[in-house]
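For 34-48, the entry in TrEMBL reads compositional bias 'Basic and acidic residues'. Residues annotated as compositional bias 'Acidic residues' in TrEMBL: 49-59. As annotated by TrEMBL, domain 'Yip1' applies to 101-273. The region 'Disordered' annotation in TrEMBL covers 23-62. Residues or ranges marked as transmembrane segment by TrEMBL: 120-141, 161-185, 197-222, 228-250, 257-281.
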């Protein structure tokens, strides 16, 4: 039976005194909750650690995905179902526009900007603004080219609005739909391939077209060399966003299929850029008929205007 003195509470001496009396003793240091939180915070702020977590999506993005999966979605025939596609604030839209205009190598646009809350608000208005920018700039370009010619009479070409709208919205919806179907098919063949939702792909394509809005305005400059330089520059910026986003989704697939997929994405994007520039801005000049001036002796004279 233990002695009575052994059952009494005693104050422990300092760790140094205890270690001097018994060198083989083991001590455990227990931090205060505030100190533990401070140490944990310092570990989070290690250089490069936060950026790696952001790139890999191992921090808040995974938590957001898990919470998003637990949300109850409304039926598709209700207004609340479509309201979620436009539930985005101005700061998120501006941040995504900035990410599409200034792409950083190695950064996935979907992981950093879209996956937490993909939207259709930005892509819809970007496409609408681009349609009117191309149509209006194309009419102004045609006006400035023929300005000063006595036989030229300016007539607005409103059909360019409908043609631009059909082209831009078809590209922004049909190409993502085909790409989404292809990725879903390849995902059934290759299990470890990265998959994107259809809404995420539409969001990437919509925001990647923003750089063409200022480019279309600058295409008013009546210099073909300047126009083509601007087109190539915009194509490189927007195309790099698409490549850096979809290459991680196909790089684990067959090498030829992966390269062919990325090549097709870039080719379709280049066809859109070249087609808009060639049709709306570099259209061949129309030869206007020379005016017929009646002479005083009853004959008609045809004057040739150069």
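Keep in mind that glycine also has a Cβ here, set from the backbone N, Cα and C atoms.
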Per the Cβ under 8 Å criterion, with at least 6 residues separating them from its ends, the transmembrane segment (228-250) contacts 99-101, 103, 105-110, 179, 183, 186, 193-196, 204-205, 207-209, 211-212, 215, 218-219, 257-258, 261-262, 265-266, 269-270, 273-274, 277
The mean pLDDT across the domain 'Yip1' (101-273) is 89
